[in-house]
Each structure stands twice: as C-alpha cells, then as structure tokens.
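Asks: Provided herewith is a single structure, encoded as structure tokens, for subsequent inquiry.
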Amino acid sequence: MDRRTFGLGAAVTLGLAGCSSGPSKFRSYNGPEVTSVVVNKGARKVYLLHHEDILREYDMELGFAPLGHKQIEGDGKTPEGTYLIDRRNPNSRYHLSIGISYPNAQDRAKAAAMGKKPGGEIFIHGEPNNAKARKRAARVDDWTAGCIAVTNDEIEEIYAMVRDGTVITLRP
C-alpha cells in the first residue's frame, strides 16, 4: 500500500470517528446490586433497592387511567402486584425500555373470565423518540398506555443498574 492510500484511509477513519452522534445511551454501573424494584403508583415513585436500602428514587408517569390493577387490554392501567424484569429493548420507541412480566397466569385467567385479553407489553421506559409524541406527553400527566415512564437520563441509569430476573413490585 502506498503512502497516499494509507493517508487517505487514515483520514477517512479519523473523520468518521469524529461524526459520532453524541454520548452513548448505554451506561455502565459498578455499584451495589439492585435486588428489587418497587413502584409506588400513588406517590408516583420508582425505587431501586439493594435489599432494604434505597439506591435510587425517580418520579414517574403512568397509564392514562392509573387507579387500580390492569385487567384488560386497552384499559390504560398500570399493573399492581409482583412480577419480574424479563427483557430489555435497546431500540425502543421510548429511548430505552425494560420489560415487566405482566401478564402472569392469574392475570390471563381473570381477563379470560371476562372474555377479554389481559394486554401486555408493559415496560419502564423513557420519553418518546418521536418529537410530536414527546411534546404531547410533556403536556399531560399519566400519558402512557399502562407503562411506567421516566426521563431519558433516568431510564439510561435504570437500564444499566437493573438486571433481567430482578423482582419488581407495583403497589397502589
């Protein structure tokens, strides 16, 4: 390879490295293990716990009809009870998201007894990626379809700290 080809390749590589879209949304965390997540719907708070110690506390928004336990698809409610963090979505329409294992067998049975579907796809997530949806969400409280919404900065921290399999308790 001659010097001009090498120089051109190096210039292109360095130029592309400078075209980064900004800081990564993926953070690292090396602190105490998050042993559970507690959501207090009435107080609009999410707590990350290491046993009994609160590691972090966040304000949150809920589904558009937040009172009571989610029972059927489209009711706008956020579930209540004990579930697991069971998945994560780095390509979420809401910056980042981590999934909650709703519905469980009991939730499915209750919905079936009413002749309905229990719904699903309940996540803790950030703000909408779409600018129009982000503006709409900023104007109202409890704007999700049943999910738990925090800021983008907060979901980045939660995403780094909470592992799949962590117990999450959602209280009224």
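Using N, Cα and C of the backbone, Cβ positions are placed for all residues, glycine too.
Sharing the feature lines straight out of TrEMBL:
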type	residues	note
DOMAIN	35-171	domain 'L,D-TPase catalytic'
ACT_SITE	His125	active site, proton donor/acceptor
ACT_SITE	Cys147	active site, nucleophile
Asks: For the domain 'L,D-TPase catalytic' (35-171), how many residues does DSSP put in helix, in strand and in coil?
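Replies: Per DSSP, the residues of the domain 'L,D-TPase catalytic' (35-171) fall into 28 helix, 44 strand, 65 coil.
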Asks: Roughly how many Å separate the Cα of the residue listed as 'active site, proton donor/acceptor' from that of the residue listed as 'active site, nucleophile', to the nearest whole number?
Replies: 7
Asks: I need the least crowded one of these active-site residues (His125, Cys147), counting other C-beta atoms within 10 angstroms of each C-beta.
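Replies: If we count Cβ atoms within 10 Å for the active-site residues His125, Cys147, the smallest count is at Cys147.
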